[in-house]
Amino acid sequence: MLSNHLQNGMETAKLLWSRLPTSDAEGQDGVGIGHYKKTDGGTVESLDYEVIENYAYREEQALRGKLYMYYSVCVKWFFALLIGIGTGFAAVFINISVENFAGWKYSLTFNIIQKSYFAGCIIYILFNLALVLSSVYIITHFAPAAAGSGIPEIKGYLNGIDTHGILLFRTLVGKIFGSIGSVGGGLALGKEGPLVHTGACIASLLGQGGSTKYHLSSRWLQVFNSERDRRDLVTCGCAAGVAAAFRAPVGGVLFALEEVTSWWRSQLMWRVFFTSAIVAVVVRTAMGWCKSGKCGHFGSGGFIIWDVSDGQEDYSFMELLPMAVIGVIGGLLGALFNQLTLYITNWRRNYLHKKGNHIKFYCSSKMEYNDLATIFFNTQDDAIRNLFSAKTIHEFSAQSLLTFLVMFYALAVVTFGTAVPAGQFVPGIMIGSTYGRLVGMFVVSFYKRLNIEEGTYALLGAASFLGGSMRMTVSLCVIMVEITNNLKLLPLIMLVLLISKAVGDAFNEGFYEEQARIRGIPLLESRPKYQMRSMTAKDACANQKVVYFPRVVKVSDIVSILRSNMHNGFPVIDHTRNGETLVIGLMLRSHLLVLLQSKVDFQHSPLPCDLRGGSLPIRHNLSEFVKPVSSKGISLEDIHLSRDDLEMYIDLAPFVNPSPYIVPEDMSLSKVYNLFRQLGLRHIFVVPRASRVIGMITRKDLLIEEHEHSGAVELQSTSVRGQKHDKRIRKRNTDGEQPLLDGLLV
């Protein structure tokens, strides 16, 4: 009975919530397979994480031995080292720049304001305006893809969606300098999200050998030619960004695992952990160097951002109720923040973008300070340090905290979505710690106990708002523990995170999921929709018209088909001697464009070439077929073909993927969804039910054993069957019978 009432209440809340204005990013039609319409008029494209095992790939793999495999593994670890070092230095540069700009700004403002309040306000406004406008100029004229936090786009990339421009060199430069301007200008946003994007850009540029456009490339770095390897590097970059932003290496690893990546394995875990550890060493070393005062206005720093280890030692059972209330408040305010941000961003797109110290502010005595100015006229890091501070009961008045909460909440909602790099971690901590400290003040006055710290409730409020907005749990919990250096608060942080996430989930999706949807990034979530259980693979592709290519095709026919549709994958068929149609593989649009541009595979004869015996020369390097990251690649308009070229033929057999993933037409769509997402696929063939079975593979058929003396490698099941077969032959020969062969792998 209670569960029914609870379910009805949640459904009613969702119904009321759905009446608020939301994005109109859904319902876009008229887009070809492999493309998805974005709300700004552009398109995003799926990535090819699947290995294309064509003739050229197999010939190249045959030339490589174990030495190359060891070399590839060493290069991956070396790149992980470079990603950690690069991201660490980028984070240090951004932090030092922001702190120095803020120091100059506040120093100049307070010196002038002692003489003239009006002149001080004008200087403060002009200083902030100059920094913010510089960030806006960088984004609008140089690197449009650097706007926002970048986390939704990176999450989409790791989910298999490539958004143009998000990982380019100019995006990296725009993200770094744009973050300095926007954060240093005092906007209600942070640099933590942009640092995740920065780390991903550094990783991507290393993976493709640099930037050829700006002549910053190195051939010896151009080792990885597959999107799968680049995806692993970008995952390392994301973890490095979080580790650099919060100086929380373990939190960075868990953030990459929980929030951004859709595919994970143990080998990648080790490299991500290694990258985060390198970032921690770089940041720690830089902070130690800054302690000598060589970094200007930058403080002494340290590995922990907001150390509350000397705070509240213990808590009573009676305090769990107000702590749970903090979780509920965080869930409600976080969900409201997501919805308002979505509404403001959508409105802005449709109507505007269609084309740690106390502050003395007007105090009568040197022993006084202005608590509201202490929060406003400080960097966000220092303001949070003041809110988290222990042994500071009655340091802030309830009126000042409430005023700041309302104003900063409204500013954060309005600011996010503007044309500047914007992170939401630190603003979320600011909002949550403010109302958390308010609740702490109430608890102190109600229970009248000396061991209750308002800073503890500020920390829990920060965790609750981030949990209610971003819906992260494990990674966020570890990050909060690492940045506060207080393991005793772990159970309380877990409690408020669970409550805030549950409350927020009752109303809408997480912050990054909502932002990805409004940007037109079609993320595949971890679980398929419930309705897919009653649908089949045939239902999903019932309205599609499959466009085929014959094995040997005329160049003019290729050009005509590519111009008439926007499909990115085409089945290639051939005919047997009996006239039966046979699907021989999958041909990608990007590979066809490479063949048309190179022209080296054009032939006069419409007859197929002979692939047996390895007699076909390899005219292409595998790197030629790899599309540069976040770029549009080759387009049909870039290719110039003469009339004679159009009359030539191409044999597609050496370039097709001969082993694409295939599912029967009656497979449930939920199983297809899981297969598609977990393997990072771009295309799946849907075929009728198979008429015969040539074998069956079980677990033991996939186990490989190596002989100690000969060094030969064979499948374990083959070895076992061989032993059984030898015994059967000897027995049957003894009985005078002929040996029989096994025909089924079991």
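Glycine is treated like the rest: Cβ placed from N, Cα and C.
These figures come from a predicted structure and were not determined experimentally.
Annotated features, as they stand in TrEMBL:
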TRANSMEM  68-96  transmembrane segment
TRANSMEM  116-139  transmembrane segment
TRANSMEM  268-287  transmembrane segment
TRANSMEM  320-345  transmembrane segment
TRANSMEM  401-419  transmembrane segment
TRANSMEM  425-447  transmembrane segment
TRANSMEM  459-483  transmembrane segment
DOMAIN    656-713  domain 'CBS'
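The transmembrane segment (268-287) is not in contact with the transmembrane segment (401-419), judged by fewer than 3 CB-CB distances under 8 Å for residue pairs 6 or more apart in sequence. A contact links the transmembrane segment (425-447) to the transmembrane segment (320-345), because at least 3 Cβ pairs that are 6 or more residues apart lie under 8 A. Sequence-distant neighbours of the transmembrane segment (401-419) (same chain, 6+ residues past either end, Cβ-Cβ under 8 Å): 136, 139-140, 144, 147-148, 187-189, 333, 337, 340-341, 344-345, 348, 372, 375-376, 427-428, 430-431, 434-435, 437-438, 441. Same-chain neighbours of the transmembrane segment (68-96): 176, 179-180, 183, 191, 195, 198-199, 202-203, 206-207, 223, 229, 232-233, 236-237, 240-241, 243-245, 271-272, 274-279, 281-283, 286-287, 290, 295-296, 298, counting only residues six or more beyond its ends whose CB sits under 8 Å from a CB of the stretch. Across the residues of the domain 'CBS' (656-713), the predicted structure has a mean pLDDT of 83.
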